[in-house]
Amino acid sequence: MHRPSRAAPLGGGSPEPEKMEGAGSWDVLEWNQFEPMSTSVSLGKCDFLLEAEQVVAEGYGVVLVNTDEAGTVLVTNYRILFLSEGTRNIIPLGTIPLATIEKISKIVVKGQSAPRQPEKNPSQRLLQVIGKDMRIIVFGFRPRTKQRRNIYEALLRYTKPAGLRDLYAFVSGPSKYRNTNPKLRLLVEYFRLIGGRPPHASMSMLEDCSFTVANEFWRISSVNANYTLCQTYPFALIVPKCISDEEILQASNFRARGRLPVVTWCHPGTGAVLARSSQPLVGLMMNMRSNTDEKLVAALCSNLSGVKGTRRKLYIADARPRKNALANGAMGGGSESSSNYLQSEIVFFGIDNIHAMRESLARLREYLDTHGATSSDGLSSFLRHGGWTWGGGNLSSMSASVSTLGDSGWLIHVQSVLAGSAWIAARVALESASVLVHCSDGWDRTTQLVSLASLLLDPYYRTFAGFQALVEKDWLAFGHPFSDRFGLPTTSGGDNATFELSRQSSTGSYSSSPMRQSSGSFPTQAPGSSHSQASNNCSPIFLQWVDCISQLLRMYPFAFEFSLTFLVDFLDCVLSSRFGNFLCNSEKERQQCSASEACGCLWAYLEDLRNSEGKSHVHYNLFYDKSKHNGPLLPPAAALAPTLWPQFHLRWACPSEAQAGELEAQCRNMAMKFSELQKAKEVAERKAKEVAAAVESLSADLRRERQLNASAVNLAKKASKENSAIKRAIQSLGCKVHFSGNGDCTVDIEANPTTSPQVSLYSYSKRESDDPIQRNEKSDLSVSITVVDDEVLPNNPINRVCESLCPMRTRDGGCRWPDAGCAQLGSQFVGLRANFDAFDRLSIYDSYFDSDKL
């Protein structure tokens with residue numbers, strides 16, 4: 001890994017191995033090679049600050065030793081910000097929320113003068129920050145300035161707030177991420193577990209305690225509505241229907257902290273349940289008993305469905321090692337005896353306590369920092385131990401580093417939690433047995449096992465909505481002490497923050513692993529500043545549980561709606577304490593301080609992020625297919641081989657190698673491109689449909705026009721035939737017929753051949769048609785008829801017919817119609833010739849001229 005030449009690694013004057021001996025030779029950082037950023041930059045232009053976030057201390061010309069970057073350190077009431085020197089961009093490695101900080105140390109590294117240079121090099125002022133999110137960062141400050149002191153004192157004030165309401169979550173308020181009443185969400189989940197047709201959860205239910213619904217075996221009890229039964233249990237409890245509230249009160253006296261056995265999950269088909277509690281108070285001699293407690297536990301074993309008189313088996317899973325359970329008997333605790341509980345079997349899981357988990361994570365963090373690419377002492381892992389970490393001429397280096405990872409024990413602890421949860425899920429799913437889980441107090445290991453087993457059994461908990469319901473039920477409502485485990489103040493106002501803030505001697509040291517100490521980079525850690533302190537109740541219990549889910553998600557990539565990126569962002573939000581969901585130690589305390597009303601909601605924030613991009617957001621699992629895993633997940637023991645979670649464990653120490661989700665990222669990009677193509681296809685199909693509809697409309701118009709045209713042609717043909725018939729008929733009368741285009745019909749009679757007088761006998765114009773098809777057509781038919789006198793046409797055959805048929809024809813050749821005989825004979829030709837009144841009524845539409853008569 002290439003590093004700028006401006007500053008040398010912390011621990012030697014040169015990266016060469018032979019010059020790395022002796023601590024405190026970090027004097028090659030040439031502060032005069034760069035100018036610190038001007039302090040005149042207005043902080044009002046800091047658009048990267050969150051709402052209600054205020055800068056309380058500043059440090060200019062500071063070096064982030066891990067990456068050898070220079071910039072500005074800002075301490076706000078919410079986080080440490082590290083801005084790059086030129087661009088003022090936020091450097092993620094040097095930016096950490098104050099609540100995520102576990103330990104802060106001031107370190108002074110004395111410079112070493114050359115043998116022939118009497119001048120004493122100034123000591124280097126360093127500030128080490130250890131985070132709960134697996135990072136160790138070191139800031140280097142300019143000598144002979146008070147910047148480090150100002151930063152350190154600001155961190156002292158804001159990482160150890162005087163009270164709960166001094167936290168940023170209360171200062172910033174709910175903003176746009178408002179929270180709804182978590183009690184209502186708990187009732188909704190309870191109603192889902194009870195089954196049937198539950199009522200709608202409402203505030204009136206909480207006020208009058210009308211949420212006590214029941215089914216055949218279980219009921220929701222309001223006995224703890226005022227938290228008088230147990231201060232760390234939720235206001236509503238699912239208990240056996242056959243157990244009264246009075247018996248519940250009696251049974252609570254036999255369990256540590258009053259955390260009596262209650263149901264936390266019900267199998268919808270078999271009726272088997274998961275139950276949780278704290279240890280029984282059996283005493284040193286293990287001879288204390290409670291009839292009410294035994295009755296309550298026995299009631300968890302309801303009859304098997306469809307088998308009368310057959311009771312299901314009960315497993316009592318004690319999360320502790322057996323020896324620890326026996327040791328707790330000296331303090332009044334202990335474990336159950338199977339002889340006292342009907343059809344029960346006691347199983348010990350051997351999971352270590354919170355202190356072992358804290359030590360384990362600390363060792364893992366130091367291992368990653370020592371052998372990572374961005375170590376807090378400025379050395380690359382390739383330059384340690386005289387060569388490359390992996391066997392660079394020193395095979396023992398490789399063995400030692402591997403053993404250091406194994407000695408951390410973190411993966412073994414994760415495997416123990418996974419194995420215990422898988423065992424519980426298998427008993428419920430395969431044997432239809434009920435399982436009661438407890439540890440000592442029933443809020444650390446018990447919560448891990450019960451919630452993880454529920455996630456394995458119920459596909460609903462593997463969705464976004466179900467995951468929220470699971471966390472709020474088993475972790476928040478049932479009183480996991482988040483404030484104690486994260487080192488935050490509680491409602492009592494006492495300072496439970498357990499940050500290790502120590503000022504070390506002038507030959508100070510890092511909290512480093514034995515591997516780093518042997519390299520000669522820094523001297524041995526001062527006594528009393530180690531991570532293990534008996535009074536420290538901080539522990540990464542919740543982080544370990546999320547780590548277990550990440551192992552399952554990689555094992556079953558189609559079973560989870562959310563992605564590994566979602567788990568990282570979710571865990572970062574929890575550790576930052578930016579929102580009020582995970583403050584305090586119990587539901588009662590959060591209600592007392594009105595956390596849900598006064599603070600923002602983490603779930604609303606994450607949902608808003610997802611809604612910003614829809615299904616293409618990185619929080620969605622691309623491979624999720626609920627049809628493939630619509631039942632329980634039962635991983636075999638051989639598959640429970642956990643590995644480091646790259647996106648979380650390696651993101652600070654090995655940022656390049658942490659991109660284990662690069663394939664997923666590429667698949668996501670392909671999915672986004674495919675989605676864009678799908679949208680483009682939908683738009684094109686929509687336009688094609690519109691064009692097709694337009695074409696169809698035009699085609700319909702064209703068909704109508706063709707029909708109209710055909711009708712007009714037919715009418716024209718018919719009119720032509722009728723015209724021809726009229727013309728023949730009138731010409732047979734000796735008249736001249738003239739058709740014109742002005743719409744008039746005229747009949748002219750020529751009196752004599754010389755003057756040819758024309759008498760207009762008939763004029764007809766048809767402008768409008770009664771036919772609907774022809775209403776828009778203008779008639780162009782006009783007929784002109786000229787009647788010629790008989791004398792003009794002496795050889796007219798009609799005259800000859802009249803002469804032969806009409807006995808009344810006068811001698812002078814005149815016609816005496818209608819008195820003539822032709823009127824009686826009914827000749828159509830003669831009648832038409834003579835009956836001008838009938839001709840006046842003539843129309844081209846009359847049936848007289850139908851084609852079949854022509």
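Cβ coordinates are placed from backbone N, Cα and C, and glycine is handled just like the others.
A TrEMBL annotation is a machine prediction, not a hand-curated record.
Some features that TrEMBL has for this protein:
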REGION    1-22  region 'Disordered'
BINDING   N353, I354, C439, S440, D441, G442, W443, D444, R445  substrate binding site
ACT_SITE  C439  active site, phosphocysteine intermediate
COMPBIAS  502-513  compositional bias 'Low complexity'
REGION    502-534  region 'Disordered'
COMPBIAS  514-534  compositional bias 'Polar residues'
COILED    674-701  coiled coil
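Shown on the structure are the features that TrEMBL records.
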{"residue": "N353", "record": "substrate binding site", "CB count, 10 Å": "17"}
{"residue": "C439", "record": "substrate binding site", "CB count, 10 Å": "27"}
{"residue": "D441", "record": "substrate binding site", "CB count, 10 Å": "18"}
{"residue": "W443", "record": "substrate binding site", "CB count, 10 Å": "27"}
{"residue": "R445", "record": "substrate binding site", "CB count, 10 Å": "29"}
CB-centroid shell, 8 A cutoff, substrate site N353, I354, C439, S440, D441, G442, W443, D444, R445, site residues removed: A319, T446
Most distant Cα pair in Å, residues N353, I354, C439, S440, D441, G442, W443, D444, R445 binding substrate: 12
